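As recorded in TrEMBL:
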type     : residues               : note
BINDING  : His81, Asp144, Asp201  : Zn(2+) 1 binding site
ACT_SITE : Asp83                  : active site
BINDING  : Asp144, Glu179, His383 : Zn(2+) 2 binding site
ACT_SITE : Glu178                 : active site, proton acceptor
DOMAIN   : 210-312                : domain 'Peptidase M20 dimerisation'
Amino acid sequence: MISKETIINRFIGYVTIDTESDPTSNTTPSTEKQWNLANKLVDELKTIGMEDVTIDENAYIMATLPSNVSHEVPTIGFISHFDTSPDFTGANVNPQIIEEYDGKDIVLNEAEDIVLSPDYFEDLLLYKGQTLITTDGTTLLGADDKAGICEIISAMEYLIKNPQIKHGNIRVGFTPDEEIGRGAHKFDVEKFGAEWAYTMDGSQIGELEYENFNAAGAVVTVKGKIVHPGYAKGKMINSMYIAQEFINSLPRLETPEHTSGYEGFFHLCAIKGEVEKTTLEYIIRDHDRGHFEARKEVMKKLTAELNSQYGREVISTEIKDQYYNMKEKVEPVMHIVDIAEQAMLDLGIKPLIKAIRGGTDGSQLSYMGLPCPNIFAGGHNFHGRYEYVPVESMIKATQVICKIAEITAQV
Ligand SMILES: [Zn+2]
């Protein structure tokens, strides 16, 4: 089987290369440094014996493991992203390896008193006795999603070295800029040529996801009128008070801090205000498409009501859809989820099938014609200094990939 050392060395080789993406950049990849890892991955794919290894001008990488059976098998794909989140620095990552984790506090950084503790992160206790890879407390780790890349490459290498395992054509895709919402934008689904794919970008071992939010962003602009405060009676319109009415008219309990599971929300992300002008930035999220549309309607109605109340257009609301629930695209081909579930069961992994309270590259890809559920990559506490990944989970994810390839060839 795949050795721990192979996984650890490969993973560390990736996370020590800084690939932080940048939402303010207009280029693809958004940061030049993402090429450093991208080029290394291309070399590695060639070295392990993958075919048709390509990298395009936007750093999207694709490769093929050709079928080793004579009967027809659907071409499937595995996808992950090599950028890391701009939420926290990914420069000079210095991974710590904790062998046989004892279930106690892990001191990440003695000097700065940064501790990874199961008192706060209970999930740690799931991995007692296992090998954990953590940060040194000063950076993120980048298991999101370099764990996914490590698993896909390790699985391909394993299948190449073990031709007795029968599989169809397997396509591999690595993307830049997922963390800034652009991982799927320039993904050439036609060139990829798979019937379906899986993103290896989930967290805890067992996670299998094919439902995500429907998502929109709203910008509410309120116009006021500035007059000298001493002479303002009957003349001044303070846009901040109107904005406040708008905020208070939305249900206070339908917010991220009061919802879970399948409950949707309005999230006020930012307020910028002065007397003359106030802008509110919202995001709207709901798994149910009908409820999602209704939420957008609520905002539009509220806007119209406030305008009629003030007798002129004091407020305008611009709403833009961002992505949709992949469930709509995956349910008609539900066997692709069943295969992943079966692979986990065969390997003794308990599948955790739940709705994502967010989006993935897969949700966009699903609407671009490539149905794409999400599978665990093993890491926890993404986008921050407490990020960690159990090596055993990475090995299991690698096995899941091989097993999915095997089961698909049997159908
Ligand atoms: Zn990710």
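Using N, Cα and C of the backbone, Cβ positions are placed for all residues, glycine too.
A map of TrEMBL features onto the structure.
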{"residue": "His81", "record": "Zn(2+) 1 binding site", "DSSP (3 states)": "strand"}
{"residue": "Asp144", "record": "Zn(2+) 1 binding site", "DSSP (3 states)": "helix"}
{"residue": "Glu178", "record": "active site, proton acceptor", "DSSP (3 states)": "helix"}
{"residue": "Asp201", "record": "Zn(2+) 1 binding site", "DSSP (3 states)": "strand"}
{"residue": "His383", "record": "Zn(2+) 2 binding site", "DSSP (3 states)": "coil"}
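Separating the Cα atoms of Asp83 (active site) and His383 (Zn(2+) 2 binding site) is a whole-number distance of 11 Å.
Cβ-based crowding with a 10 Å cutoff singles out Asp83 as the top-ranked of the recorded positions Asp83, Asp144, Glu178, Glu179.
Mapped onto DSSP classes, the domain 'Peptidase M20 dimerisation' (210-312) shows 39 helix, 31 strand, 33 coil. Remark: of the binding-site residues His81, His383, the most isolated position is His383 (fewest other Cβ atoms within 10 Å of its Cβ). Close to Asp201 (Zn(2+) 1 binding site) in the fold, though at least 6 residues off in sequence, lie Ile79, Ser80, His81, Asp144, Asp145, Gly148, Glu178, Thr360, Asp361, Gly362, Asn374, Ile375, Ala377, each with a CB less than 8 Å from its CB. Cβ atoms within 8 Å of the centroid of the Cβ atoms of Asp144, Glu179, His383 (the Zn(2+) 2 site) belong to the same-chain residues Thr84, Ser85, Asp87, Leu140, Asp145, Phe382, site residues excluded. Here the domain 'Peptidase M20 dimerisation' (210-312) returns a mean pLDDT of 97 for the predicted model. Compute the center of the Cβ atoms of His81, Asp144, Asp201, which mark the site for Zn(2+) 1; besides them, the chain residues with Cβ within 8 Å of that center are Ser80, Asp145, Gly148, Glu178, Glu179, Thr199, Met200, Asp361, Ala377.
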